[in-house]
């Protein structure tokens with residue numbers, strides 16, 4: 001009976017849970033009363049989820065699905081330190097899986113229908129994943145007092161709770177998901193690298209993605225901008241991905257573990273996806289005052305010998321990022337921890353902004369910005385604060401370190417002189433987005449300027465776009481002409497924070513493709529909904545910016561779409 005009451009509550013919240021009003025700027029906004037839930041153990045050892053914020057329970061959550069009103073779902077989970085670490089994390093996972101089970105299915109369905117040609121993963125991938133889990137469990141048993149492996153174990157326990165919560169909430173036998181399904185969902189962005197490693201090891205299975213799918217490597221734009229007067233440091237990220245992946249969530253985890261966990265960060269807030277414990281974008285705010293983000297470099301040659309270095313005897317990136325964010329206390333320590341157990345999958349340029357090192361109006365201390373880049377069998381990182389002191393750090397899917405660039409195939413010779421080329425044959429400084437960052441970043445003076453820049457796409461008028469809507473900060477590949485060359489892919493969000501915001505632990509985010517200079521994206525236009533079947537998404541993405549905290553969210557005045565760079 002309790003399960004039925006909770007499910008009815010979730011449904012009623014979807015229908016009636018928000019009130020539209022006018023803010024002081026006469027802009028429409030949503031003032032939401034976010035439903036709260038708690039979880040405890042029953043006498044039979046099973047979990048019970050019930051309405052209300054019971055501070056004596058194992059964990060409490062605020063959850064609402066506002067995809068149709070603001071383009072985001074929202075979940076915030078807090079655990080009770082009176083319970084042991086394993087119970088806290090498993091209950092937190094269960095609570096998330098139970099409450100967001102509908103969004104989880106929508107995310108899974110959209111991925112399977114559009115990404116995998118056979119609507120399934122191959123046996124080789126599943127065998128690889130099982131071997132990887134076996135390796136981690138062995139290391140957990142051998143290193144029971146090591147904080148690194150203690151935290152790896154906590155991630156696996158959270159995933160197990162997530163699976164069980166989903167299974168108990170889901171009433172549809174056609175929508176059952178196993179623990180292996182959740183493992184595959186969480187490692188999804190790493191599967192292409194693993195498939196390439198299996199191919200190079202003469203594996204019998206190698207499945208090409210659906211032809212509709214975006215580039216195997218997720219691409220993004222990121223900017224870390226220091227104001228001229230040293231009064232503010234902005235950090236922003238725009239995710240590039242397939243539009244079918246736009247079932248989105250902002251998540252906040254406040255886990256209060258024992259000293260054995262050695263956590264330097266108890267609270268994290270990030271943009272993410274239902275059923276996935278990492279950000280994927282990636283964009284994290286930590287209460288240690290670190291902000292962690294990345295753009296994907298990848299490996300240019302699918303036949304590269306580097307793929308042979310990918311082995312199951314490692315820890316995948318999706319787990320390493322959670323562990324590292326929790327136990328790192330600085331940019332340098334973050335790099336040292338993240339280097340451990342390098343899987344060589346999801347090879348990114350990571351940026352770690354340490355707001356503890358930024359003294360407003362005075363100086364930017366060494367260690368404010370570290371950059372970390374990864375390949376199979378090799379990593380490189382450095383303190384690049386000196387570059388930030390010149391005004392900004394850009395990130396646009398091209399390696400910064402020369403060795404990484406050479407090894408991953410970005411610096412091969414080419415006769416092409418077209419600066420619009422995305423082949424990787426041009427200099428780091430000559431990529432279109434690199435030139436846009438250089439031209440426009442010093443025109444950012446306010447948070448509104450920064451928001452507008454992270455959403456910028458004026459490809460028809462920007463000479464650096466070379467007529468290509470993909471050569472902008474927030475790409476719109478759906479606007480490519482002729483239409484038969486277009487794809488429903490591009491920038492799907494933007495997130496920004498700053499010293500002022502992180503001191504309040506606030507993130508400002510906008511969901512969906514940019515619609516400042518360009519028209520909003522609609523599934524009903526250009527026959528997109530037939531080419532990319534999706535569920536759980538609105539037809540049109542024309543949402544405003546929203547400010548998120550660890551307990552609530554609300555409107556934020558939109559960045560001016562009249563700003564021209």
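Placement of Cβ uses the backbone N, Cα and C atoms for every residue, glycine included.
Taken from Swiss-Prot, the feature N-linked glycosylation site covers 53 (among others). Within its own chain, residue 53 (N-linked glycosylation site) has 36, 38, 60, 62 as residues 6 or more apart in sequence whose C-beta sits under 8 angstroms from its own.
The annotation N-linked glycosylation site is assigned in Swiss-Prot to 84 (among others). Residue 84 (N-linked glycosylation site) falls within neither a helix nor a strand when secondary structure is assigned with DSSP, and so counts as coil.
The annotation N-linked glycosylation site is assigned in Swiss-Prot to 118 (among others) on the grounds of sequence analysis. A coil conformation is recorded for residue 118 (N-linked glycosylation site) in the three-state DSSP classification, outside any helix or strand.
For 200 (among others), the entry in Swiss-Prot reads N-linked glycosylation site.
Annotation source Swiss-Prot lists N-linked glycosylation site at 201 (among others), citing sequence analysis.
Swiss-Prot lists 211 (among others) with the feature N-linked glycosylation site.
For residue 266 (N-linked glycosylation site), other Cβ atoms within 10 Å of its Cβ number 18. Annotation comment: Swiss-Prot describes 266 (among others) as N-linked glycosylation site, evidence class sequence analysis.
The feature N-linked glycosylation site is assigned by Swiss-Prot to 302 (among others), with sequence analysis given as support. Residue 302 (N-linked glycosylation site) counts 16 other C-beta atoms within 10 Å of its own C-beta, drawing on all protein chains shown.
What Swiss-Prot lists as N-linked glycosylation site is 406 (among others). Under the three-state DSSP scheme, residue 406 (N-linked glycosylation site) falls in the helix class.
Under the heading N-linked glycosylation site, Swiss-Prot lists 485 (among others), citing sequence analysis as support. Listed in sequence order, the residues of the same chain lying 6 or more apart from residue 485 (N-linked glycosylation site) and placing their CB within less than 8 Å of its CB: none are present.
According to Swiss-Prot, the signal peptide annotation covers 1-21, on the basis of sequence analysis.
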Where residue 302 (N-linked glycosylation site) and residue 266 (N-linked glycosylation site) are concerned, what is their Cα separation in Å, rounded?
39
Determine, using Cα-Cα distances only, which of these glycosylation sites is closest to residue 406 (N-linked glycosylation site): 84, 118, 266.
118
What does DSSP assign residue 485 (N-linked glycosylation site), in three states?
helix
